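Notes follow once the structure below has been shown.
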Amino acid sequence: MSIKAEEISSIIKQQIENYHSELKVSDVGTVTYIGDGIARAHGLDNAMAGELLEFSNGVMGMAQNLETNDVGIIILGPYTEIREGDEVRRTGKIMEVPVGEALIGRVVNSLGQPVDGLGPIETTGTRPIEAVAPGVMQRQSVNEPLQTGIKAIDALVPIGRGQRELIIGDRQTGKTSVAIDTILNQADQDMICIYVAIGQKESTVRNAVETLRHHGALDYTIVVTAAASQPAPLLYLAPYAGVAMAEEFMYNGKHVLVVYDDLSKQAAAYRELSLLLRRPPGREAYPGDVFYLHSRLLERAAKLNDSLGGGSITALPFVETQAGDISAYIPTNVISITDGQIFLQSDLFFSGVRPAINAGLSVSRVGGSAQIKAMKTVAGTLRLDLAAYRELESFSQFGSDLDAATRAKLERGKRTVEVLKQDLHKPLKVEKQVLILYALVHKYLDDVPVHDVLRFESEMNTWFDHNHPELLEEIRTTKKLPDEAKLEAALKEFKNTFVPSEEK
């Protein structure tokens, strides 16, 4: 076999032409300090704020402080295996979480990783956790109601789709119950719900998930959890992960409800990180940008205009108060960012008024324009009546010689308070809310004993379901009150069948 020099030279030339030298250039730094969930690294001069960084053991971190000599990093995972002198390299990416329909029904952590033991989440879509909120011209006015199923909220402080309504109160006043009941009521409302649990006990989150599963609400709910036992960076990031998942649905024309339970714990986690990163403390030791921490999160809730699909994110942020002090730093910040607040009071809660909503301090700045016409008609004077009753109640403690008109107002007020009470995890459809409020306003309850009011409501709902479902259907579909003569006749007919407990 003869070797041809031309062939060999052509093969060598071909291989030289096809050779490409690919140099991978990456910025690599060295860990100079590690502890308490944060690290400092030297040599990452080109790192960007919020950029993901990778440690030599595969754990990720996020650049927070860009200083002259080093970079302050919050660590997104276990930090016990990281040592001083370890390598840390730039990734050129910012943090993203998985998004899409595959997340519905799952429980995930702040990084979007499943923690429910049901296997991996099959989705390829991701979104950055930090995004610019929709601008003024991309939005439209709130004009659709979000029915919570809670009479005291839908009647007194209505919430619209795209609104941000703060729920504020001391611990153990039923804040989480309000959120869970609102999620349960979205079953047939074409709404996707995201429940973000920040700094909760793992047993509490488990109970919430089981409640949602028991009522079939996990079919349209995503749970994002950063438990109290997890590092502060994960508590800080959890709300942003939740709203990023929500934005995917909103920009596809869907309606989303996001519950942040609660932002006080997120602010405390951010304070911890900021102090560890040696940022100067301000009021109550919070850093100077703690207002921006919450404003950039809550501004991402919006009702988009029709050209963008008309989707919405409704935000229900929670803030925990200490001994009812709503003038503390974080409560006043979030009150000024949101479109209203629902104040839950421990005195009312322990006196048996549940949900313990203080109608005087609670307000909805935009939801009234989204209330259905029937509800607006029957609930118009309810807030004033309740305020007058509270005033008379405190006044009546000093004297017993009250005139007939005052006594009548007090009796009506007692029945109003009783009507607004509601059992746990039993949200009420809006047509049935309208029915009982109509009966209250039109004096059908004036001669019903106070302790029988809730039984009257329950029996009336059952009676209307069987005898006049068309009236309920009319309220549901037209969103207006049916013919008053028919409604009055039906209510009188039911009233004649109702037997007070004394006469049984």
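Cβ atoms are placed via backbone N, Cα and C, with glycine included.
According to Swiss-Prot, the features are:
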BINDING   GLY169, ASP170, ARG171, GLN172, THR173, GLY174, LYS175, THR176  ATP binding site
SITE      SER362  site 'Required for activity'
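In this structure, the binding-site residues GLY169, GLY174 were compared by how many other Cβ atoms lie within 10 Å of their Cβ, and the smallest count belongs to GLY174. Of the listed recorded positions, namely GLN172, THR173, THR176, SER362, the sparsest CB environment within 10 A is found at GLN172. A count of other CB atoms within 10 A of each Cβ picks out LYS175 as the most crowded of the binding-site residues ARG171, LYS175.
Neighbour density for ASP170 (ATP binding site): within 10 A of its CB lie 18 other CB atoms from the protein chains shown. SER362 (site 'Required for activity') and LYS175 (ATP binding site) are 14 Å apart (CA-CA, integer value). Between the CA atoms of SER362 (site 'Required for activity') and GLY174 (ATP binding site) there is a gap of 15 Å, rounded to the nearest whole number.
ASP170 (ATP binding site) falls outside any helix or strand according to DSSP and counts as coil.
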